[in-house]
Amino acid sequence: MKKVKVYVTLRESVLDPQGSAVMGALHSMEYSEVKDVRIGKFLELQIEEGTRDVDTVVKEMCEKLLANTVIEDYRFEVEEAVSK
Amino acid sequence: MKFAVIVFPGSNCDLDMYHAIKDELGEEVEYVWHDAKDLSEFDGILLPGGFSYGDYLRCGAMANQSNVMSEVVKAAEAGKPILGICNGFQVLTEAGLLPGALLRNKNLKFMCRTVELKVVNNATQFTTGYEKDEIIQIPIAHGEGNYYCDDETLTRLKENNQIVFKYASEGPNGSIEDIAGIVNEKGNVLGMMPHPERAVHDLIGGSDGLALFKSIVKQWRETHVSHA
C-alpha cells in the first residue's frame with residue numbers, strides 16, 4: 001500500500017483572493033514580514049499497488065480530476081503507507 | 001423543439017429552467033438525470049445552475065465525470081445548442097467544451113443581485129433576439145464567477161467573436177474584461193454566469209432573459225422545420 005500526498009495550488013499567473021485576504025489579516029496582526037500567501041489543497045490518497053504504476057495513475061488522476069490545469073498546478077509525493 | 005434539463009445532485013435552478021421552457025416558451029422539456037446514457041432524442045441541452053456535488057473539489061469538477069457528460073460532448077460535436085448557466089457554465093469549462101475557468105469572486109463574496117449585461121455579440125444562435133450592445137437586466141447569484149483564461153485564449157476569444165455577454169457596469173466578480181458569457185468556436189455552446197431563466201416574466205422582476213431562449217428556438221425552427 002502506498003500513501004500519496006497531492007498538493008494542488010493556483011498557478012502563479014492566477015490571482016488568489018483568499019491568499020490576499022489572509023495576507024491582509026497577517027499584516028494587521030503585525031506580521032509584516034509576510035510577503036505572499038497562496039492557499040491550495042492537500043489530498044491524501046491510499047493506493048493499493050497492482051499492475052498499474054502508481055506514479056502514472058496518480059498523474060492521470062491529477063490531470064483528469066484532482067487539478068484543473070487551466071488554473072492550477074499540482075505535485076505529489078509517494079510514500080510507503082504505514083499499516084495500522 | 002425538445003429540450004433536456006440536465007439534473008445533477010445539487011442542481012437547484014433546474015426547476016426555473018424547466019418553467020422558462022415549458023410555461024414561458026411553450027416548448028417541450030424534460031428533466032434528465034446525470035446518469036443518462038442517451039440524449040439523442042433532444043434538440044437542445046440545458047445545464048442549470050446550482051451546486052453540483054456540493055461544489056466539492058472545484059465547481060463542476062465532479063459533475064463533469066458523470067455519464068451524461070460524454071453525451072453532452074457528443075451533442076456539442078453534433079452541433080446541437082448547449083446552454084450552461086452558472087454552475088452549468090462551470091461544468092462546461094471543466095469538460096473543456098468552453099475555454100478558461102471560473103475562479104472565486106475577487107471580493108470573496110457570494111453576489112446575488114440583478115446586474116446590467118451588455119450583449120457584445122448578437123450574431124450567435126443564442127442572441128439574435130437582442131440588439132448589438134443592448135443593455136439587459138439579468139440576475140446573478142454566484143460565489144465563483146470570476147472568469148479567467150490566459151492571454152493567448154483571450155486573444156482567440158476576441159478574434160473569433162466568442163465573447164457574448166459582458167457586465168455593463170462595474171464587474172461584480174473580477175472577471176477578465178468583465179466577461180459574463182462566452183461561446184465555443186463553433187458557436188453552439190454558450191456558458192454564462194447570469195441567470196436568464198430567472199428573468200422570463202415581469203411578475204418575477206423582469207423578462208430580459210426570454211429573448212435568449214426564443215433565439216435558440218427561432219434558429220432551430222429555421223434550420224429544422226421546412227415550410228413546404
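Along the chain as shown, the residues are counted starting at 1.
Cβ from N, Cα, C; glycine included.
Residues or ranges marked as active site, nucleophile by TrEMBL: B:C86. Annotated active site per TrEMBL: B:H195, B:E197, in sequence order.
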Item checked: Other CB atoms, at most 10 A from the CB of B:H195 (active site) -> 23
Next item on the list: Count the Cβ atoms, other than its own, that fall within 10 Å of the Cβ of B:E197 (active site), considering every protein chain shown.
Entry: 29
Checklist line | Rounded Cα-Cα span from the residue listed as 'active site, nucleophile' to B:E197 (active site), Å | finding: 11
Note to self: So if I measure Cβ to Cβ from the residue listed as 'active site, nucleophile' and keep only same-chain residues at least 6 apart in sequence, which ones fall under 8 Å?
What the structure shows: B:C13, B:P48, B:G49, B:G50, B:A141, B:H142, B:G145, B:M192, B:M193, B:P194, B:H195
